[in-house]
Amino acid sequence: MSSATLIQPLHTLPILDLDHPGAHDQEYRKRREIITNAALEFHAQQSLSLPLVEYTTEEHKVWQHVYKKLKHLHDKHASSLYNQGRTLLNLPQNHIPQLAHLSEQLQQLSNFHLEPIHGLVDARIFLSKLANNTMLCTQYIRHPSKPEFTPEPDIIHEVLGHVPLFTNPQLNKISQLIGKAAISATKSQLLSLTRLYWYTIEYGLIKEHNQIKALGAGLLGGIHDLQNAFSGHAIHKPFNMQEIINTDFNYSFEQPHFFVIPSLDNLQTETEQLIKSF
Ligand SMILES: [Fe+2]
């Protein structure tokens, strides 16, 4: 599937819902439009160079605020493979890094690539990209009035949540398995793959030395999400593929429950078995 084919259905999806914290801020909306147009252009032109964003001082301040708070939470709750990845990449604390630079680093470390996207997209489009070791990443940043929680992906979610995990070859292999299966999956199989992705790569917990740690990017890139997962109020369930593929989720609200993955080996085997059963 070419990039041009990929981008076609995306125009129909809403960019900002009315309950988004920046929905009524005209300046913010204009700013997002500039950044998202560059992503659309990248795909339309089938460009090889990722767009560079000149972030404003205010945007860098949002990054600094979230980075500082997350760092403290990561020290307590992040899985060791996340911490290893963040150390390898040496992510900056004081400024928002460029996707182009991170993509180059990942290419060297684990043959993984990043491409820009303008927002949430159709599940098949998003997952299929993973088949080619590529992740579609937003480049705009959340509204400054609500830095602790975002109802959609933004550059903080992508970089502080996902990017360090892409240094891990086994997690990339699992993402790739899901991505390859998504290309030809039926509607109900695609729903199963989307839920598996959600409850593992986005919001999974993992057991490490008898402790429960955060694995998913939604947790590692979100102050509120990470606090919620370890607050004692959220439910931690043992990993169960049948339950996962039958459990719906809502990306815009606080997650009420999480599944604890016993190990990456276990997640890979379970993923392979699910796909074989299609
Ligand atoms: Fe994500």
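Cβ coordinates are placed from backbone N, Cα and C, and glycine is handled just like the others.
What TrEMBL says about a protein is an automatic prediction, not a curated fact.
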Of GLU115, GLU202, which one shares the Fe cation site with HIS157, HIS162 in TrEMBL?
GLU202
Quick check: which same-chain residues outside HIS157, HIS162, GLU202 lie with their CB within 8 A of the centre of the Fe cation site CB atoms?
PRO153, GLU158, GLY161, ILE201, GLY216, ALA217, GLY218, LEU220, GLY221
